[in-house]
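Student: Sharing the record's features from Swiss-Prot:
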type: BINDING; residues: 30, 44, 56, 142; note: substrate binding site
type: BINDING; residues: 66, 71, 103; note: Mg(2+) 1 binding site
type: BINDING; residues: 71; note: Mg(2+) 2 binding site
């Protein structure tokens with residue numbers, strides 16, 4: 001099965017599929033799945049000596065305001081491989097803008113079926129504060145050395161806002177697809 005055939009999830013927006021592009025703590029390489037072919041491409045080598053604090057991917061069949069699928073940060077006990085699909089639920093969203101416009105990041109945990117470790121985490125406020133600060137720090141600085149690029153981190157919002165973003169992005173995708 002092609003990555004292009006993966007649905008957004010079983011119980012959207014409560015449970016979504018996330019296709020992992022970048023494993024947590026991986027090398028400073030920005031990978032992106034080509035949405036037409038499903039192939040994993042090197043997007044760029046990051047110029048800052050930083051690593052992603054969580055797994056990083058996207059929800060298929062979505063379109064965020066920046067023209068890309070909705071970005072998702074997935075908290076797991078170990079790094080996931082690029083191209084893996086994981087069933088998640090949103091616990092919050094980091095509101096951000098960058099040189100391309102609105103660039104929110106959904107914060108998600110694996111569904112209870114995959115791991116009971118995260119069932120008590122219902123909102124971003126249940127996530128260890130140090131991890132939230134690490135995520136914010138990463139996104140505030142990961143483009144620092146890239147000319148013409150910038151990021152403004154605007155803060156965390158809860159799971160309701162994250163689910164609204166997921167629903168809006170699916171509607172946007174379906175509207176464009178027609």
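Glycine is no exception: its Cβ is also placed from the backbone N, Cα and C atoms.
Keep in mind the model is a prediction, meaning the values are calculated, not measured.
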Student: Going by Cα-Cα distance, which of the binding-site residues (66, 71, 103) sits nearest to residue 56 (substrate binding site)?
Tutor: 71
Student: Which number gives the other C-beta atoms within 10 angstroms of the C-beta of residue 66 (Mg(2+) 1 binding site), all protein chains shown included?
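Tutor: Residue 66 (Mg(2+) 1 binding site) is surrounded by 17 other Cβ atoms within 10 Å.
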Student: Which are the residues of the chain, 30, 44, 56, 142 excluded, whose CB is within 8 A of where the CB atoms of the substrate site average out, their centroid?
Tutor: 22, 28, 29, 31, 43, 46, 52
Student: Between residue 44 (substrate binding site) and residue 71 (Mg(2+) 1 binding site), what C-alpha distance do you get in Å?
Tutor: 17
Student: Using a 10 Å cut-off on Cβ-Cβ distances across all protein chains shown, tell me which of the binding-site residues (30, 44) has the largest neighbour count.
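Tutor: Answer returned by the neighbour count: 30.
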Student: What three-state secondary structure does DSSP assign to residue 71 (Mg(2+) 1 binding site)?
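Tutor: Strand, per DSSP.
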Student: Note down the number of other Cβ atoms within 10 Å of the Cβ of residue 103 (Mg(2+) 1 binding site), including every protein chain shown.
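Tutor: Other Cβ atoms within 10 Å of residue 103 (Mg(2+) 1 binding site): 20.
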Student: For the binding-site residues 56, 142, work out the Cβ neighbour count at 10 Å and name the residue with the minimum.
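Tutor: Among the binding-site residues 56, 142, the sparsest Cβ neighbourhood within 10 Å belongs to 142.
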Student: Would you count the other CB atoms within 10 A of the CB of residue 71 (Mg(2+) 1 binding site), including those on all shown protein chains?
Tutor: 21
Student: Which residues, in sequence order, are found in the same chain with Cβ within 8 Å of the centroid defined by the Cβ atoms of 66, 71, 103 at the Mg(2+) 1 site, excluding those residues themselves?
Tutor: 64, 65, 68, 70, 96, 98, 100, 101, 102, 104, 105
Student: May I ask you to report the DSSP-based helix, strand or coil state of residue 66 (Mg(2+) 1 binding site)?
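Tutor: Going by the DSSP assignment, residue 66 (Mg(2+) 1 binding site) belongs to neither helix nor strand, so it counts as coil.
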Student: Rounded to a whole number, how many Å is the Cα of residue 71 (Mg(2+) 1 binding site) away from the Cα of residue 142 (substrate binding site)?
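Tutor: Per the Cα atoms, residue 71 (Mg(2+) 1 binding site) and residue 142 (substrate binding site) stand 16 Å apart.
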